[in-house]
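Q: Take a look at the following structure, please.
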Amino acid sequence: MAAAHLLAASTSSSSTAAFRPPLRLRSPTHPPHLRLNRNAGRRPFPVVRAAETDATKDAKPKVPGKAPAPDGSSFNQLLGIKGAKQETDIWKIRLQLTKPVTWPPLVWGVLCGAAASGNFHWTVEDVAKSIVCMIMSGPCLTGYTQTINDWYDRDIDAINEPYRPIPSGAISENDVITQIWVLLLAGLGLGALLDVWAGHDFPIVFYLAVGGSLLSYIYSAPPLKLKQNGWIGNFALGASYISLPWWAGQALFGTLTPDIVVLTTLYSIAGLGIAIVNDFKSIEGDRALGLQSLPVAFGMETAKWICVGAIDITQLSVAGYLLSTGKLYYALALLGLTIPQVVFQYFLKDPVKYDVKYQASAQPFFVLGLLVTALATSH
């Protein structure tokens with residue numbers, strides 16, 4: 001632009017010898033990436049913004065700032081966990097948003113509820129009912145929960161995990177919203193189908209699905225956004241992963257009783273501890289956006305003790321309850337399954353680095369303890 005002005009000036013002066021003062025460049029005519037810093041007594045100098053240097057002009061617009069290694073795992077991508085390979089296939093990205101790695105606890109919860117009912121039989125019909133209930137709880141409603149959580153966490157993920165599908169721009173906003181609605185309606189539809197199939201006068205499975213969906217929404221979305229409070233949010237998450245699928249499985253084949261409601265609600269405290277493990281990796285973004293997760297509120301060390309205390313004390317309490325009701329062998333089995341969980345808490349010395357290892361090694365014993373408790377209550 002400056003060159004253009006000078007050329008015009010030289011052309012207009014060709015017919016006259018009159019002296020013209022040199023042109024002054026005003027700041028509005030500068031290119032947008034240059035600014036003049038006029039400090040008193042100092043020579044003006046251009047300040048170049050790093051984000052707009054030539055080095056970044058060739059950058060691809062959707063490459064995240066903390067992109068995973070180029071040799072990321074396709075398997076991790078399908079499971080929706082760290083170390084995932086960047087993917088362009090829209091259906092693989094959709095699957096990644098639902099985080100299939102989070103489905104097994106819900107599927108297992110349905111199995112525990114069916115076992116606790118005492119009315120499940122290994123017939124084709126009962127197995128088919130349980131599979132449909134697992135699909136409702138796992139791929140549909142858990143997939144809905146994970147997708148809507150990622151949608152409302154897109155600002156946090158832009159800090160913690162900018163390579164996730166939404167903050168990286170790998171999937172459009174319309175595609176995400178469509179996925180949320182499809183999964184929600186599919187889950188509610190399967191809940192209604194199961195009530196008709198089971199011959200329920202009151203559609204209890206459907207209402208459990210509605211309640212779980214509502215809990216998932218207020219957990220992630222403003223204005224309530226329960227996850228902003230570490231205690232309430234993590235307990236709600238524990239309840240949705242343990243109590244609700246157990247209740248659905250038991251209601252499908254039997255009757256929900258007050259003692260089961262109390263027992264599974266107690267187990268949700270252990271779920272609170274498990275949820276804290278997922279908060280460690282998000283501490284940077286949670287702190288930046290003012291979310292009071294327990295690691296942010298209490299610090300990493302204290303949060304680790306809250307985590308292991310919630311998991312271990314809950315299981316010891318349940319074992320004590322089983323012992324008090326005359327279920328000695330079930331109580332001993334639950335205690336035996338708690339011991340390796342305590343051993344694997346070694347990985348929590350660095351919960352950000354070893355969170356996946358801890359969950360992969362300790363949680364199988366936890367879910368087996370759930371089944372032991374379910375079998376104990378069915379007798």
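Each residue, glycine too, has its Cβ placed from N, Cα and C.
All annotation found in TrEMBL is predicted automatically rather than curated by experts.
TrEMBL feature annotations, pasted as is:
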COMPBIAS  1-18  compositional bias 'Low complexity'
REGION    1-75  region 'Disordered'
COMPBIAS  51-61  compositional bias 'Basic and acidic residues'
COMPBIAS  62-72  compositional bias 'Low complexity'
TRANSMEM  180-197  transmembrane segment
TRANSMEM  204-219  transmembrane segment
TRANSMEM  231-248  transmembrane segment
TRANSMEM  260-277  transmembrane segment
TRANSMEM  328-348  transmembrane segment
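Let's see these features in context: how buried, what's close, how far.
A: Sequence-distant contacts of the transmembrane segment (204-219), counting only residues of its own chain at least 6 positions beyond either end whose CB sits under 8 Å from a CB of the stretch, comprise 133, 136, 141, 144-145, 148-149, 184, 187-188, 190-192, 194-195, 198, 225-227, 233, 236-237, 239-240, 244, 247-248, 251-252, 256.
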Q: Which sequence positions outside the transmembrane segment (328-348), separated from its termini by at least 6 residues, show Cβ-Cβ distances below 8 Å to it?
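A: Answer is 277, 304, 307-308, 311-312, 315-316, 318-320, 322, 354-355, 357-358, 361-362, 365-366, 368-369, 372-373, 375-376.
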